[in-house]
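Inspection log for the structure reproduced underneath, given as structure tokens.
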Amino acid sequence: MKLPIYLDYSATTPVDPRVAQKMSECLLVDGNFGNPASRSHVFGWKAEESVENARRQVADLVNADPREIVWTSGATESDNLAIKGVAHFYHTKGKHLITSKIEHKAVLDTMRQLEREGFEVTYIEPGEDGLITPAMVEAALRDDTILVSIMHVNNEIGTINDIAAIGELTRSKGVLFHVDGAQSTGKVDIDLQALKVDLMSFSAHKTYGPKGIGALYVSRKPRVRLEATMHGGGHERGMRSGTLATHQIVGMGEAFHVAKEDMAAENLRIKALSDRFYKQVEHLEELYINGSMTARVPHNLNLSFNYVEGESLIMALKDLAVSSGSACTSASLEPSYVLRALGRNDELAHSSIRFTFGRFTTEEEIDYAAQKVCEAVTKLRALSPLWDMYKDGVDISKIEWAAH
């Protein structure tokens, strides 16, 4: 077993060797290096053929038409293109947008930008289980609502929203529905023929593909129109200009193909690993699971260890690569905005650690990690006066601390 152990698969995943092999065939002079937009020679034709094959592979995983897949630089760009693209195209129909307080920053900051441009945004508060229900969305709808954007699987707590039910609601009201699917590909079945979803963002690097490439599903029936945010040579039917990165795209296609093949077996294996880990730490007192116990992916276990400061715990777990919050905001010492929105107090939000498991996690690593967590929590609590007070039966929430 090699140290440190990687348990941060929701931040990024390593590229699968099968994917790396396919990518390497698209780089060198002997390989498939042409520009897919070059129409006049075989180098361009071959590159275009590979790009279209990858488009089919991505579409196959989510049961979409390949013509509905638009290549982008990642899920952040897909979120921006979907939300700004819809807002700017349909602004004459209405200026109201709906999202939730626990979306990824790529959605929240895009919404904030649109607010500066004069749009109105309603931010739905999730339940304590971290879920956004159709009833919550319905309560936020107005006559001038043009778009609802709700994530499929939450990146911090791993909860799965019922996007089928939310889609039924939005479609019946004539409101467009965007879903951030960055964390759900390869973990949850997605059938875009059945789901009433108009736009969906995808990322390769959360699904054992390369970084720097993603896609946006843009429904053809019913047709969704977007205003482009990137202008140039009119690539991707005018929605996203820029020379297509053949090697990245081939990598994403292969990664989604592998995900489709392996998903059923892999989910069972990861559920077993997640259960194995939790069984070994659940004896710790004052341990809380963040997010719904039932509607969640097994890949994510977000735990709060009360009376232990999360950053101290991460330092103590030097052989484990884990995080407190999402990778995009983990440099900030503010408590997780996602956990705060769930109603967790500052102390519990600060004492949370996200363990995320994946394709290359082993039982041996799980056992080692669980043992280290138990040791570190016990040791840090032994140093904590608050833990002593709790053990003595003092209700710490009732204490009035004097200001210095």
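Glycine is treated like the rest: Cβ placed from N, Cα and C.
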Using only what Swiss-Prot says about pyridoxal 5'-phosphate binding by Ala75, Thr76, Gln183, Ser203, Ala204, His205, Thr243, identify which of Asn32, Asn155, Asn290 is listed for that site too.
Asn155
Row Lys206 (N6-(pyridoxal phosphate)lysine), column other C-beta within 10 angstroms, all chains, value 27
Any idea which of the binding-site residues Thr76, Asn155, Gln183, Ser203, Thr243 has the thinnest Cβ neighbourhood at 10 Å?
Thr243
Reading the DSSP string in three states, the entry for Asn155 (pyridoxal 5'-phosphate binding site) is coil
Kindly assign His205 (pyridoxal 5'-phosphate binding site) to one of the three DSSP-derived states: helix, strand or coil.
coil
Taking every pair from Ala75, Thr76, Asn155, Gln183, Ser203, Ala204, His205, Thr243, which the record gives as binding pyridoxal 5'-phosphate, the longest CA to CA distance in angstrom is 30
Listed in sequence order, the residues of the same chain lying six or more positions from His205 (pyridoxal 5'-phosphate binding site) whose CB sits under 8 Å from its CB are Thr12, Thr13, Gly74, Lys211, Gly212, Ile213
Between Gln183 (pyridoxal 5'-phosphate binding site) and Lys206 (N6-(pyridoxal phosphate)lysine): CA-CA distance (Å):
6
